[in-house]
Amino acid sequence: TRSFTDPSVSMDLLRAVLQPSINEEIRGVFNKYMKFFQTAAINVRDNVGEEVDPEQLIQETCRSCLEQAKLLFSDGKKVVPRLPHEQAVPKRARQMDEELSRRGSPIPKKRKGRPPGQSLSNDRGVSGMAAWKLKVSEPVKRDGPKWDPSRLTETTTFVLGSRANKALGMGGTRGRLYIKHPHLFKYAADPQDKHWLTEQQHMRAIGGKMAYLLIEEDIRDLAASEDYRDSVDLRLEELKPFIPPAWMTEKMQKHMETLRRGGDVPPPEEPPE
């Protein structure tokens, strides 16, 4: 047992009292820059493929930012390892940054592009749609009637994620739909599912890339919402809904139940292309 007169105990008690306020302010800082992270994550997914999870990329980037921020309070004994691309920064540039820090002067800003608070709502073909935000550490709610596995029956119609993107006017930005609407139920087709989808000509063979299935009703509800109903890019004829076989629907029911209970999404059975 440690005495409350112990300096470290006293300071930790103060930290515990202030921690909620500190966390809230840190969240505000990350929200300020979140649009940059979101755009970068979408670009990565566009370039690499739908097997990339933009939400995971954003979370990892935020954690990395916090790790690097520890250097501000380093005592010189414990140094946070730098990433390979950060180690390549020219020595002269590092010395300049250190000198400016010692003088208390801000580092000159020579960045090009938008300031942190500027909207990106008109970027990449989403003109006319509401700007979207992904809050740091915001939990994805998986409850309510849309997350009731019993709604998936042998007559429930589904659409491919790629077609849903096109239908909502986001055809050229794969993955934007899943980031903008993280509360949508989506099911990653396994090799058996892809074989059936290809045989039925619902999709072409795509090798190791991920293919997501979404509920047609959910997409049509989105299309009727304020964000999309007046969009000139709306193309609902692109949906091409279909009814999967009973064995596939049963797998999706189990997947929905697992997610609703907070379980982890199983890793894909095929490697990325």
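In case you wondered, yes, glycine gets a Cβ from its N, Cα and C as well.
Unlike curated entries, TrEMBL annotations are predicted automatically.
Not measured: the values here are computed from a predicted model.
Annotated in TrEMBL:
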type     : residues : note
COMPBIAS : 83-102   : compositional bias 'Basic and acidic residues'
DOMAIN   : 10-75    : domain 'DNTTIP1 dimerisation'
DOMAIN   : 156-252  : domain 'TdIF1 C-terminal'
REGION   : 83-125   : region 'Disordered'
Secondary structure content, the domain 'DNTTIP1 dimerisation' (10-75) (per DSSP, counts of residues):
59 helix, 0 strand, 7 coil
Just to be sure I understand, if DSSP states are collapsed into helix, strand and coil, how many residues of the domain 'TdIF1 C-terminal' (156-252) fall in each?
39 helix, 11 strand, 47 coil
